[in-house]
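Trainee: Look at Swiss-Prot and you will find E23, L24, E83, D307, K376, R383, R384 tagged as N(1)-(5-phospho-beta-D-ribosyl)glycinamide binding site. Feature annotation from Swiss-Prot assigns ATP binding site to R116, K163, S168, S169, G170, K171, G172, Q173, E203, G204, F205, I206, E211. What Swiss-Prot records for E288, E300 is Mg(2+) binding site, and it gives sequence analysis as the kind of evidence. Here Swiss-Prot flags 121-329 as domain 'ATP-grasp'.
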Amino acid sequence: MPITLGTPLSPSATKVMLLGSGELGKEVLIALHRLGVETTAVDRYDNAPGQQVAHHARTITMSDPAQLKALIEAERPHLVVPEIEAIATPMLEELEAAGTVRVIPTARAARLTMDREGIRRLAAETLGLPTSPYRFCDSAEELQAAIDGTDGQPAIGFPCVVKPVMSSSGKGQSKLDGPADVQKAWDYAMAGGRVSHGRVIVEGFIDFEYEITLLTVRARAADGSIQTSFCEPIGHKQVSGDYVESWQPQPMPPLALQRARDIARAVTDDLGRGLDGQPSGQGLFGVELFVKGDEVWFSEVSPRPHDTGLVTLATQHQSEFELHARAILGLPVDTSLRNPGASAVIYGGVDAQGIAFDGVDEALAVPGTDLRLFGKPESFARRRMGVAVARADDVDTARANARLAAGRVRPRAA
């Protein structure tokens, strides 16, 4: 199937609009630029990282259906690419159904993955995939009842994990070890949710050995059919639900790897179905899984590049961002690994506007390393402001070098 791309800022332009313009969106935009695509970066605040590199920058409340509709109808992009969850997804479905725009991977996928309830019910109840035991709760009292089993269903018990139904980067997530933690966890979830839903998911704790992200790509083959391919598994470490380092490849037993791929294929095949039921959805998905021995449990999925996948900037022939850009444009993809590597997060360390970074030269002196400083206009002590990536002959060396490089970067108030 021949693919034609135009010239930016001309009548022939191929136009892509990103809804959400953080550090991951910024890398997608750069990948699209390299393919000659005209880009529009949308976010809720001015000077978001992706807006700094796009042809056009727009600032709206993306959860407002009227604002979202007006912008898409005015700009008329060929593709709309959601990069965050807090979007008026029913409006995207309406616009897609009307033929106004094509949503990546589909408007249905954007709706189902906008919060943890939609995707968990799809995975566990519709597809029958293995997950942790879970319940959705609308109050601290319901949360306590779900943990104790006094709601007429099997007890979730302690330890358990509570998360807002909509949040990002671990915000509002906590582990509960006993009854004294319940009210604190509820309050923390309410403060950390991206949109005020007043609803949480409580999950029974799985005694896993490690967790992975399996980047899964749905892309057009030469005959026009959509084929699924997988990157090598990415291991990662989280603190309070927030990724702090990742590495690739994560060694896995063959049976566990096959089960992980089967789960990822099942959920992405379903999310790839459009409103008409056709398997038309294209793009990259980040599928999060828990692993213990040969056992694998589904955790979450994002229909877009994943923060732990920043490591692919150092490891793959095509990073997750290049894979996403190619897949959504109908171009061939290559998920092969080039070399082992790792990533380590650089936190802001200070609450300030327009921070400066010292130690960049020292960081880049570490062998095989590179940096991404995201350009976020405002820093917080625990806000992710950059990442160090490292390539090496083995994962352990790459992890050590990525941590060393990240530690040498010193953000400060300018």
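Glycine residues also receive a Cβ, built from the backbone N, Cα and C atoms like all the rest.
Surface or core, plus neighbours and distances: that's what I need for these features.
Mentor: Annotation note: E23 (N(1)-(5-phospho-beta-D-ribosyl)glycinamide binding site) sits in a helical segment as assigned by DSSP. Of all the Cβ atoms in the protein chains shown, 21 others lie within 10 Å of the Cβ of E23 (N(1)-(5-phospho-beta-D-ribosyl)glycinamide binding site).
The Cβ of E203 (ATP binding site) lies under 8 Å from the Cβ of S132, P133, Y134, I156, C160, V161, V162, K163, each of which sits 6+ residues away along the same chain.
Here E288 (Mg(2+) binding site) comes close to E211, I212, T213, F298, S299, E300, V301, H306: these same-chain residues lie at least six apart in sequence, with C-beta atoms under 8 angstroms from its C-beta. E288 (Mg(2+) binding site) carries a strand DSSP state (E or B).
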Trainee: Quick one: of the binding-site residues R116, G172, F205, which has its CA closest to the CA of E83 (N(1)-(5-phospho-beta-D-ribosyl)glycinamide binding site)?
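Mentor: That would be R116, nearest by Cα distance.
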Trainee: I'd like to know the mean pLDDT over the domain 'ATP-grasp' (121-329).
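Mentor: That stretch averages a pLDDT of 95.
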Trainee: Which of the three DSSP states, helix, strand or coil, fits R116 (ATP binding site)?
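Mentor: Looking at the DSSP assignment, R116 (ATP binding site) belongs to a helix.
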Trainee: Between the Cα atoms of R384 (N(1)-(5-phospho-beta-D-ribosyl)glycinamide binding site) and F205 (ATP binding site), find the distance and write it as a whole number of Å.
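Mentor: The separation of the Cα atoms works out to 26 Å.
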Trainee: Tell me the Cβ contacts of R383 (N(1)-(5-phospho-beta-D-ribosyl)glycinamide binding site) under 8 Å, same chain only and six or more apart in sequence, or just say none.
Mentor: Y347, G348, K376
